[in-house]
Structures are given as C-alpha cells and as structure tokens.
2 protein chains.
Amino acid sequence: MKKYNFSAGPSTLPEEVLQQAAEAVLNLNNSGTSLIEISHRSKDFIAIMDEARSLVKKLMKLDDNHEVLYLQGGASLQFSMIPYNLLKNKAAYIDSGNFASSAIKEAKKIGSIEVLASSKDDKYTYIPKNFEIPKDVDYLHLTSNNTVYGTELKEFPETDVPLVCDMSSDILSRDIDFNKFGLIYAGAQKNIGPAGVTLVIVNKNLLGKTDRNLPSYLDYQIHIEKESMANTPPVFAVYATLLNLRWLDKQGGVSEIEKKNREKAALLYGEIDRNPLFRGVCVEEDRSLMNACFFLNDEATYKAKFDELVKQANIIGINGYRTVGGYRASIYNAMPLEGVQTLVNVMKELEKIA
Amino acid sequence: MKKYNFSAGPSTLPEEVLQQAAEAVLNLNNSGTSLIEISHRSKDFIAIMDEARSLVKKLMKLDDNHEVLYLQGGASLQFSMIPYNLLKNKAAYIDSGNFASSAIKEAKKIGSIEVLASSKDDKYTYIPKNFEIPKDVDYLHLTSNNTVYGTELKEFPETDVPLVCDMSSDILSRDIDFNKFGLIYAGAQKNIGPAGVTLVIVNKNLLGKTDRNLPSYLDYQIHIEKESMANTPPVFAVYATLLNLRWLDKQGGVSEIEKKNREKAALLYGEIDRNPLFRGVCVEEDRSLMNACFFLNDEATYKAKFDELVKQANIIGINGYRTVGGYRASIYNAMPLEGVQTLVNVMKELEKIA
C-alpha cells in the first residue's frame, strides 16, 4: 500500500513520475538501452536536457535574458557560486532561516556582506520585513521558503537591486513574476525532482562583471555556453526532473498547481487552528504553503497516541526538524489533497478519543 | 533485445543492477516508498550510504587513514578541489590526455603547477614516463587511464611525494595498492555507477595543511566529518553505485574482475592486431584495458559496411572520440565477454566479405 510521504526533502513525487523513471532505468524510450547507460552526448539525452531546460522556461514564463542551468552540488554549492559570480563590492542578505544563515556564512568567505534583517532571535518564526535595501549592493539575497520553520516570503521587494533567491522548497508552487529575479536557485529534491541536481536560473546580463578567474565548474558563463553539459550531467536526476515538469505542465502549470496548494494548505492550517490539541509554530501571516509546522499542545499526554494513529494511516515523514521538534507536514506540489485529508482526519480522530 | 553498449561513459551496467535500481525507484526494500522520495536522514538511506562507503573500503582494501567520500560535480570539480585542499607551494602534473590537461588548466588558476611530462605533441598516444619528481612538491597528479586515446598507466611511481590520481575510467578494474595514494577520485559513470556522483578517497593526514578559508562544499574535511551528508547527497546515484559495488563483490572483487578484464582486452586487441583491416591508435605497451581505440585502415572502402554490421549485431557506442575519429570500444567491468566476442566476430565478418 502506497504511503503518504510528508518528508521535507527528498520528498514525494507523483506516482506516474516514479513509474516512468523506473521504466527508463530499464529501457529508455523503447531504445533497448537504459537511461543511465547511454552517453550524455547521445541524441536521446541531448533531447532530454533540451526539453528539461525549455520546459522550465515555459512553466516560469522566462524571457530571453534568463538562462536555465542544471548543476550539481546542491543549494550548498550555490551559496558560494553566487558571490563568486556576482559579488563585486558588497551584497545584502536577509537572514530568515537555517539555509539563509548558511548562505550568509559562505558568502562572507568571499566578500563583503551586509545582513539587512534577521528573525534569528525569534527562532526564525517570522519573515523579516521593512528593511531598507542599500542602493550600492550588487544583489539582495532572499530565501523564499524556510522548510525548517515553515515560513514563506509572500511578497518580494520592489527594487532596482538584482534579486537573488533560494527557492529550493517552493519553486514552481505559486505564480510569481520570475523575470523579476537576477538569479533563482533550487535543489530539485523538494518540489521539482529527486536529489542530485540543482536548478539555476540566471539573468545573463548580470554575469561577467567580476574579474575572478573562477574554477570552470563554478563559472555560470561556462555552464551557459555548454548548455549544462560542460561535464557529464547527473543524467537520472535531470530526467526524473523532466518527468516531473511534464507532470506539472499537464496539471495546468504553475497557476493551477497554486490553487491546489492553497486548498491543501487551507485544509491543514484550518485543522491546526481549529483543533484544540494543536498549535502552529510560526506567525500566521508568514505561514508556508509548502511546510506546515505544528506542535501538540500536550506532548506528554498525546504524542504516543498521535504517532500511532499517524502510522496506522500510512503517513510517514511528519516529524519536525530536530532543532524545532513537533511536527512538519511538507505538502509540496506532488502531495495529493487526499494525503492532507488523511492527516487532518488523524488529527480529528485524536481529538475525538482525547 | 539487449544491446551491447560500448559507450565510454555513461556506460554499460550489469543487468541485475539496472533491475534492482528500477525496482528501488518504485519501492525500496519493500518499504512501500520510493528510494528517491525518502529523506536522506532516514534509517534506510543512512544504511545505504554507510554500506556504499564501507564496500569501497573493503574492495580497495583501504587502511584507516583513507576516507571514502561521495560528492557531486564530477571529476571536473575535483580538478579544483584538489589544489584548493592540498596545494601549498607547488604541485606536479603529468599531461597524459584531455582530462589531465583540464586538471592542469584548473590547478593553474589556484597555485603553482609544474608539468613534468606531456605526450600532447604525439596526440597523447603514449603515457609519459621517465620524468623526475621534484622532492618539494605537495603532490604529483596522475591520470591512470585516458578514455579518449585508450592509454593506461601500468605502473605508478615509487616516491615519497603524495600521489593524486584521476581513476575515473579504470577504478576498481585492476588490483593496485590503493593505500599508496594520497587521493584517488573517479566520476562514477564509467566503471562504478551512473552519472551524478564522484568517488573520492583521501588520506586524511594530507588535509588541514593549507590556510585557505574554503567554501564548505569544496572542503574535504567537512565532507569527512559529515560522512558525505553535509548536504543532500545524490541519492539515486549513490544507491546505483552501491548496487554495482555489491555486484563487483559477488564477482570475487577486484582481482577476479581484473582477470576477466585482461581476457576481454586480449581478445579485442588480438583481433585488432591480427585483422589486416584494422590498426590500434596508441602504442602497444600503454594500451588501456578499458578503452580499446582502433582505426579501419581503409575507411573510405569499409566504414559504411562495418557500421552496418555493427548495427546488425546490436552493438552501440563504438564511435571514437570526436577529435580522434575511428572506433573506441569501452570494455569496462560490466561489459561481458560475449559482448567483446560479438564485436570481434563482426570484425572477422568484415574481413571475410572484404
């Protein structure tokens, strides 16, 4: 029996994507060869990479200034690649969570960083707002969604400063004007694919303005020129991401999936707020559509029972992050409404027998 | 019908590895969840990473100074990580092929590099030998096998200078004292797995001697401390590599696969030398056990016919590298003897009808 997997990442993928990915490992496009055996310079794989790039452009409605790259090393390597490629004098960062904090730490190794605002003192339970953006910074770095605490940036600043955004956990989950950004990056393993590939969208006009003699792998310009094939790409992860993008396209694209995401989030947060046994972790206005974090008000009395009911309902992956505790239900694009309804039913059941 | 895939990389994998990898994409260990959906911090995946590391230690008979890492970014990122982590004053490189040349180019961006020998002027058709190793270099960088030209380093220098070796295309193909090396690296997609993960084996005593404040992702020490889980690892590629390592272990390990590799290479080179229609690309004493490169003596007359026979025999991936031309049959660990025999039969058939 299929389980409802609420893991924060790697995370649930549509059943048809898993079926198609497994089939391709045995026999790609009825070619008699496996996806993971063929040359990345083969016609079959070049077509995969081309479609994976163009489908991102389509789904995000990107203009021709924005290049789509599939890289390795995760968001973690992007924490360094971004300042290496874009930081001349100074960059501004917003410290809205664990990953934002890591991005700041890595950028400080490379250049001058100004942290404009932080919610660290309040355990990152809200999104910092009302900061002033200096006019002289090379870019402003934001994190659109924080998986650990379940907060999400609802509105992006209007500014002439290039916006750089870590969208690892909510990319393609809601309709945004993606062309407003100088650079967007996302580890695939939350909302767009399996672990092992990182999507980077960069406005090419921002490049070539520093004089660092970068390692080739860290140089966006080289990856643009080589169309993400400067070296052997992570073939399986790119293909599984493509399958997932096709699935999203079939669902009607970003605006349609956003409706479903809002419906799922409303259902779950509604129950967290209604059910007297539970409470949310972060401030209401910043609640994430992707990661709903909540506590049992009385863990000592109800935790064992709730965990048992969760298990019986075939739900996995809802433990909170280790430094936060409680529960976290990640309800990415691929989580069906029935999964969320199942979790809500378990919460109601606990209330009934309490 | 299954094809014989002689691609240089990504390349052929054992049929049982493909079956098991496909099954895990649907249902890992009968858990009801997909390999590519579960958290990398889950019990199931931690066990996979642990076994993938320990099996390399077993197969390579590594001592406790040698740490095993699974990283992203390919050998290409290692070209930079190696000097970042190990280069204090000067490093020595041998220029034995395309990838060695790229490693030199990247290292020169980071520090002082001395190229001790090069076979570039002879189109890399032999392995440079008889060079003197300066005593004062931090390491000597070698490439054990050159896929493009089909040459292989048969004996490694005896020296007190730490040896760093790119073994991307012949790792685990022959019995070597791997403990002699300071650092070994290999993109998985040739002899040990699918694309998307890079194996690095490093003698930890060599680390911590430079004062660079490295990006975390580029710092071997951090990956050692975090047991290759400093960030989300490339889950599928690590698992498929583990399956391949298990397969190799079942074959009897490195010394047994070496016997088979020698038998396959002897069969193919025997035919290249015997058959008057063909000739080898590189000097005999440096011929690779992994990539046999050869030309038709008279392409104008025989190429179309040979290519047709190859296709009829369900053989794919034997075109030579674009700058070399001719043919290249990559006969990695996973290529069965029957595959090589099939290719040899086609070469004999061409001779018969010539």
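Heads up, the Cβ atoms here are built off N, Cα and C, so glycines get one too.
Owing to the predicted nature of the structure, the values given are computational and were not obtained by experimental measurement.
Annotation comment: TrEMBL describes A:4-343 as domain 'Aminotransferase class V'.
Look at TrEMBL and you will find A:Arg41 tagged as L-glutamate binding site. A:Arg41 (L-glutamate binding site) has a Cβ environment of 15 other Cβ atoms inside 10 Å.
Taken from TrEMBL, the feature pyridoxal 5'-phosphate binding site applies to A:Ala75, A:Ser76, A:Phe99, A:Thr147, A:Asp166, A:Gln189, A:Asn231, A:Thr232. Sequence-distant neighbours of A:Asp166 (pyridoxal 5'-phosphate binding site) (same chain, six or more apart, CB under 8 Å from its CB) are A:Ala75, A:Gln78, A:Phe99, A:Ala100, A:Ala103, A:His141, A:Leu142, A:Thr143, A:Ser144, A:Tyr185, A:Ala186, listed in sequence order. Under the DSSP three-state reduction, A:Asp166 (pyridoxal 5'-phosphate binding site) is assigned to strand.
Sequence annotations record features per position, and here TrEMBL assigns N6-(pyridoxal phosphate)lysine to A:Lys190. Counting only residues at least six positions away in the same chain, the Cβ atoms of A:Ala8, A:Gly9, A:Pro10, A:Ser11, A:Thr147, A:Ser168, A:Ser169, A:Asp170, A:Met290, A:Ser330, A:Tyr332 sit under 8 Å from the Cβ of A:Lys190 (N6-(pyridoxal phosphate)lysine).
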Just counting, how many other CB atoms are there within 10 A of the CB of A:Asn231 (pyridoxal 5'-phosphate binding site)?
22
Based on Cβ atoms within 10 Å, give me the single least packed residue among the binding-site residues A:Ser76, A:Thr147, A:Gln189, A:Thr232.
A:Ser76
Cα-proximity to A:Arg41 (L-glutamate binding site), 10 Å cut-off, over binding-site residues A:Ser76, A:Gln189, A:Thr232:
A:Thr232
Recorded positions satisfying Cβ distance under 8 Å to any chain B Cβ, from A:Phe99, A:Thr147, A:Asp166, A:Lys190:
none
